[in-house]
Amino acid sequence: MPVTFITLSLEQTTWTTVMRMTAFDADDPATDNALLRYNIRQQTPDKPSPNMFYIDPEKGDIVTVVSPALLDRETLENPKYELIIEAQDMAGQDVGLTGTATATIMIDDKNDHSPKFTKKEFQATVEEGAVGVIVNLTVEDKDDPATGAWRAAYTIINGNPGQSFEIHTNPQTNEGMLSVVKPLDYEISAFHTLLIKVENEDPLVPDVSYGPSSTATVHITVLDVNEGPVFYPDPMMVTRQENISVGSVLLTVNATDPDSLQHQTIRYSVYKDPAGWLSINPINGTVDTTAVLDRESPFVHDSVYTALFLAIDSGNPPATGTGTLLITLEDVNDNAPFIYPTVAEVCDDAKNLSVVILGASDKDLHPNTDPFKFEIHKQTVPDKLWKISKINNTHALVSLLQNLNKANYHLPIMVTDSGKPPMTNITDLRIQVCSCKNSKVDCNAAGAPHFSAAAVLLLSLFSLARL
């Protein structure tokens with residue numbers, strides 16, 4: 001049975017052994033009946049020479065017999081050769097029996113061609129501030145495509161001190177894709193020159209080297225773009241008391257135009273002012289208040305109010321920059337404390353005369369809050385019915401001094417904070433004295449509120465006095 005032998009060989013030199021063919025004969029090996037000799041019956045294709053290979057008749061070694069120039073893969077029409085090998089017993093005599101096999105030889109590629117740029121100089125143009133691919137660098141390589149001997153690796157060897165450029169290989173085209181990765185500034189440099197080298201992934205064979213065509217120069221022109229003005233510093237920060245007078249100057253903002261060669265003017269405007277507290281002079285950038293600043297406003301977070309301003313240049317079209325102003329508001333005692341709860345219930349026959357524990361809160365910050373002082377506004381209620389006792393800095397206990405009839409009672413509670421000067425608030429605590437029978441609480445028929453006309457008058461006068 002004929003046998004097919006397949007092997008792969010790199011681009012060869014003359015008398016290089018490619019493979020060894022081995023045939024077997026079942027006759028007695030001690031006789032000529034099993035003494036084999038080899039020869040090449042046919043070579044396909046027969047170009048560039050019909051005798052590209054030779055086989056040792058005794059050993060079966062196939063070797064190359066042509067010059068390396070004829071085994072250059074890049075010049076061959078077909079790098080695949082098939083040899084019909086004949087093995088004949090009886091030491092090759094005509095009376096011997098024969099068998100054949102096919103040896104397939106592939107002329108594989110070596111990296112014997114360096115990549116070369118298609119031109120020495122490339123041109124690219126990019127707008128300042130832009131990033132991305134700006135030019136594709138093309139090379140030629142005669143080695144086998146899609147192998148390490150053909151694939152290119154690019155390196156920027158000069159002109160990139162700020163690492164603003166990077167280059168990567170397009171795996172489909174082998175082109176070098178040069179990209180801007182850090183935005184360029186026209187005002188700093190309008191031109192850049194890069195020197196780029198190309199090599200293969202695989203090393204070159206010893207007798208081949210990279211030459212002048214393996215480097216190229218890229219000239220990059222940066223186009224001027226109208227950039228928006230820049231605030232400095234950004235964010236801008238000021239600290240003021242929350243109750244400063246309307247029209248107070250907070251600061252003067254400062255924005256500069258990066259387009260220093262264009263000599264443009266800048267105008268300012270308010271962009272975001274959530275509470276409507278601010279205005280800005282469009283020419284000189286002075287920011288002042290148009291309303292009272294309030295630290296307790298829902299637009300203030302952690303005592304900081306945030307506003308945004310625009311700086312617009314006179315370019316065509318104009319460009320805009322945004323600046324942030326952070327106003328830290330210092331607290332003043334401008335909020336009176338308030339109590340909670342404002343309604344309580346107690347049984348008319350209660351043995352425990354404690355009515356309710358009151359808490360107090362204040363929107364201001366320490367030291368304008370607790371400790372709070374709790375008092376009963378005694379001008380409006382009988383002295384011997386109620387008692388208020390301090391529990392801690394923020395809470396007090398309201399108690400009865402005796403049981404009361406079923407009714408609704410209104411007890412004016414006065415609470416004062418620790419600010420300087422302090423602020424006081426009087427809150428009407430409504431207390432329902434209810435009937436508590438058989439574990440049922442009935443407050444529906446508590447009746448009308450119990451306070452006198454004199455009490456109403458005193459409360460009204462006190463309220464007027466605070467206006």
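Cβ atoms are placed via backbone N, Cα and C, with glycine included.
What TrEMBL records for this protein:
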type: DOMAIN; residues: 16-117; note: domain 'Cadherin'
type: DOMAIN; residues: 118-231; note: domain 'Cadherin'
type: DOMAIN; residues: 232-339; note: domain 'Cadherin'
type: DOMAIN; residues: 338-451; note: domain 'Cadherin'
Local confidence of the domain 'Cadherin' (16-117) - pLDDT mean: 88
Per-state residue totals over the domain 'Cadherin' (16-117) - DSSP helix, strand, coil: 13 helix, 41 strand, 48 coil
Secondary structure content of the domain 'Cadherin' (232-339), with strand meaning DSSP E or B: 0 helix, 50 strand, 58 coil
DSSP helix/strand/coil residue counts for the domain 'Cadherin' (118-231): 3 helix, 53 strand, 58 coil
